[in-house]
Amino acid sequence: MSKINWKAARTRRLIISYLKDWLLVIVMTAAFFAIDKVPPYHRKFSIQDKTIMFPYAVEETIPVWLLLIICFVVPIVAMALVSIGIRHSLHDFHSGLLGLCLGLSITIMITDIIKITAGRARPDMLDRCQAPPGIIDPVYGLTDYTVCTTPADSAIMIDGFKSFPSGHSSFSFAGLGFLSFYLGGKMRMFDERGHTWKGFVFAAPLAGAILVAISRTRDYRHHWQDVLVGGLLGLCSAYFAYRQYHPALGHLRCCTPFAPRFPATDDNGPYNVIDDSEATLYNRNIDPVTGRSVPLKGIDPNSGLPQTHHRSEDPFVDSASSSTQQ
């Protein structure tokens, strides 16, 4: 097989190897839209509950379209500038984009499942409800949605029972939280050299997520518990997704994603076998001091250590040199 044909075949294998990941993202996103059509549980409430007496804000500080720009488009643009503009690596960009989409899809699906299951009333519930004057709670109980003059099947009432957790908060921490992890890895912020500016760059996206979450309490759309739990959910999802394709922030080579998925065997050339600690580099072992490529050393397949196979067009160490080095 010629080099050109081998490259084309490898590209096809590489694309196919990531199809399952993208399919999972699509399935979870589709599940979110399906779940979102399910009416939420209508939890009972008290007419005298002051935590749900706030006015209904017609205009939101951060509407959904703006949330998508802040927490989805901005991270994509930032990762493209770093991975393609600076590092000139499409694989780096793909790993970042896939991780971002995975984290967001996990977040929105879980958030919506909890929303319709919990059925907590929003802080502006009574304004949405528009109960007739003089309505009071039963002597030994609470009131339900049937006292409201607003139709129960209206969008404003259905949305009124989706307070917990905050979707804006979880989405913002998932998107901007992932961007923080991504930038932190690229800067090697835990390299023990004490560059404080790295901490500010790392914290900037998180600060944006916090402001988005706060805006939901200002608009009386969520209780503080809603935004807190939503933020934790989004941040955990972001870190989980980040670690699927990138090493930990404290790793020596946290600035590079895990290597592309190569087939384990091929009849058209040798492979370099390296362990997981080296698997963050694409066909290269970069000396952290000089920044130059150095030969990769294989490990014994029977050693029990985790292994990753890498295909190299120009083998770093051929069989003769390997035997000489050993």
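Using the three backbone atoms N, Cα and C, a Cβ is placed for every residue, glycine included.
Unlike curated entries, TrEMBL annotations are predicted automatically.
Database features (TrEMBL):
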TRANSMEM  21-42  transmembrane segment
TRANSMEM  62-84  transmembrane segment
TRANSMEM  96-118  transmembrane segment
DOMAIN    97-242  domain 'Phosphatidic acid phosphatase type 2/haloperoxidase'
TRANSMEM  167-185  transmembrane segment
TRANSMEM  197-217  transmembrane segment
TRANSMEM  223-242  transmembrane segment
REGION    292-326  region 'Disordered'
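The stretches the transmembrane segment (62-84) and the transmembrane segment (167-185) are in mutual contact, each linked to the other by at least three Cβ pairs under 8 Å (pairs 6 or more apart in sequence). Here the transmembrane segment (96-118) has Cβ contacts under 8 Å with residues 18, 21-22, 24-25, 28-29, 31-32, 35-36, 38-41, 43, 71-72, 75-76, 79, 83, 162-165, 167, 170-171, 174-175, 177-179, 182, 230, 233-234, 237-238, 240-242, 244-246, 257 of the same chain, all six or more residues outside its ends. Each of 21-42, 167-185, 223-242 was scored by its Cβ pairs under 8 Å to the transmembrane segment (197-217), and the highest score goes to 167-185.
Here the domain 'Phosphatidic acid phosphatase type 2/haloperoxidase' (97-242) has, by DSSP, the following mix of helix, strand and coil residues: 99 helix, 1 strand, 46 coil. Model confidence over the domain 'Phosphatidic acid phosphatase type 2/haloperoxidase' (97-242) stands at 94, taken as the mean pLDDT rounded to a whole number.
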